[in-house]
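Participant: Take a look at what Swiss-Prot says about it:
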- 87, 105, 106, 107, 108, 109, 525: ATP binding site (BINDING)
- 873-953: region 'Disordered' (REGION)
- 914-923: compositional bias 'Basic and acidic residues' (COMPBIAS)
- 937, 939, 948, 949: Zn(2+) binding site (BINDING)
- 943-953: compositional bias 'Basic residues' (COMPBIAS)
């Protein structure tokens, strides 16, 4: 209470910060007449003047006022739009590297031009990040008019561009693209072998549109570039046939809050029986160590069948299982669940099971965007996640006042006992709104729910149409002109994502009914009366004559204005029945405008606020209401049984709803609990990912340094000497007498790893020889061996071979390291049972693994360079490791490794030996011939070849 009083008296911290920008807003406004008087050429010349001032020592902050005034005037001349004062404040927040929370329709896209232009003057490149290719292309095409007028270049990164096009786009002053494309380009760049092949520049400044969606909703989803492993499709299909035999509760239990599933004792026995019948069980028990892989597959199949629902979590399309974004309802083609879950879903849906993948490179959005020296963001809903954004990204959320007061009415939720009662109430509400020609947007939580609602409308006389189809739209426009409801509706979910922009843009036409999953269509405004841009695109496409086209556009404008007036007047007058003995009935007027109906609450308040925010843009009237049932996920998980009992005691009849602000508050508290839990999960995951991220930065920085150096001979020599030192120290310890030295072991290992025969036994037998002298002689002979290769091939060829082997070996070992870190991560939680901190244990063991990686790198590079031979051109083979030669997982969109291979087609490593398996001598690697990476090592160690002698092959 005291805090509320203080805020009322002194103002909130947000109010004070917004107030602090007013002096600069006034200064920008004062410059407006002067800037407006400039010619186009003079206005354009200001860019060069600003750059010169920066070169002379001024800062970007010094140039903010004149630069913003310049952009405002350029926008007026090119777009016919003038930045409002509140938009200037939004631009300042972005420039300072914080998040501007601006309500729907307040012009976030235009706001970005202010901070983008100012920071682009530094010449380091500015990245504008959007959630999909459509918005990236749209915003780049639209705002490039302002930038090009002022002499700056604009590029756009979308799916399907080749490296030449990408590099050109990144070289521009300003680059638009999606979060996925930026992240994947970063990963692919760090798999390149030449600096000139890398496409991205440094990470200077980025503005993230819909920042909450990218930095919070997608924070737990890593970007992964991967390559296929062995085909195990039959195994997945076999395991899948077991699932129908299991019964919920009796054989497995589900924890919906934690999204986990576990077999019961009876379920384990049933699975063991099925595995024995299929001859897949090794030993006596499912949980014997040799069945670890089988248990993993069982668990993933169980998750696929019990936790993942078709048309809610994923969709089957074109023979593929495509993930659906739980927050936006959009399909995410190319994204695949990891650890065999996606393969389990493919088996469940009887689709072709794709091979499992090995991670080649990965990064989370959390760590990618933290690489930028400065980061800003825009969204309509970030205040509820302000703590997380400040904690993880050091970004403050500043709520920007709206240009006009919000006129939307947010009504209390209506809670029904069953889904059917809820849908009946939604139908009745839609019919009332449709009768008065008020456009309605119904938000659903999944494709499944959107299609249930669509079926419900269809059964009651409504017809589903495509808002992207001109013929269908003409029917809707004709009905609107006549003022009669057409009873037409459109569905926007992952099945119809191609029409997303059209459906959302026309959702404000009188009588339009749109069913949309969550926040699909985010980024496209719903304008009351419809979109001039979309209608002009439809209705003038076949008109060649310019005069006729302009006349048609004028006609459309008049139509839209008339439609807008109809929507604004679509008010509802409701009579409230009086209680017994009270005064006569009262009437309440509910506003017109867009009517938002939520069909259930989401786990996050922010998603609900986003849905509400579709209505009431730029001071327009609007209303929103959520219709809930006790069967809804959130209600069911958070104690609907108690509420159901209470409603029955209160005598709530079928079809009746309960409405009270207390219910809204209770639901918000439940949502806050979920949000807090999800925040803790993301924060904890980040702590683990930071360990890998620190190692990733070291490896990637080293790769770039190696590529920058014309010669890596010195690095290779240091690695060679360090390896020889380690080898000698292992067999000839400092504090031992010569007769205690393992001379035979040293000689054998020098032959096996370095392929050199040295008289180590003779040297060690010399009177008075010390370990240091022995080391010096070995190093000299090894250096002579390498010098002979340089003399044989020439320094140019040797430089190329050294760099090639060093980079490809580093990449190979890094991939193996990622697999080991992943395995460590999966089991480290068990350390908690031993009263040890899993995170500290993970850090310690991850560091040990990293040290081991460096040691293996020295050994492998030295061994390969000592053995490498030039192959004649007609027998050339790619120099890249086998794993790199495969096509990448679809989530990258490109076979980047094929490009990398081509740059090394001039050299290869000679194979040591070619004899068949039957003649392999465990003690003679030269007799092994070609050994598969996943075969047991012929030396008899019991390890896979790739983890044993394969390191040196």
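Backbone N, Cα and C atoms are what each Cβ position is placed from, and that goes for glycine too.
These numbers come from a predicted model, not from an experiment.
Give me the lay of the land around each of these features.
Facilitator: The Cβ of residue 107 (ATP binding site) has 19 neighbouring Cβ atoms from other residues within 10 Å, across all protein chains displayed. Following the DSSP three-state reduction, the secondary structure of residue 107 (ATP binding site) is coil.
DSSP gives residue 939 (Zn(2+) binding site) a coil state; it is part of no helix or strand.
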Participant: Cα distance, residue 939 (Zn(2+) binding site) to residue 525 (ATP binding site), nearest Å?
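Facilitator: Per the Cα atoms, residue 525 (ATP binding site) and residue 939 (Zn(2+) binding site) stand 66 Å apart.
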Participant: Over all pairs in 87, 105, 106, 107, 108, 109, 525, the listed ATP binding residues, work out the largest Cα-Cα distance in Å.
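Facilitator: The ATP-binding residues span at most 17 Å between Cα atoms.
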Participant: Could you round the CA separation between residue 109 (ATP binding site) and residue 939 (Zn(2+) binding site) to a whole angstrom and send it over?
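Facilitator: Between the Cα atoms of residue 109 (ATP binding site) and residue 939 (Zn(2+) binding site), the distance comes to 63 Å.
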Participant: If I take the alpha carbons of residue 87 (ATP binding site) and residue 937 (Zn(2+) binding site), what is the distance between them in whole Å?
Facilitator: 66
Participant: Taking the Cβ of each of the binding-site residues and counting other Cβ atoms inside 10 Å, which one has the highest number: 87, 109?
Facilitator: 87
Participant: Identify all same-chain residues not among 87, 105, 106, 107, 108, 109, 525 whose C-beta atom falls within 8 angstroms of the centroid of the ATP site's C-beta atoms; report them in sequence order.
Facilitator: 102, 104, 110, 111
Participant: Using a 10 Å radius around each Cβ and all protein chains in view, which of these binding-site residues has the most neighbours: 106, 525?
Facilitator: 106
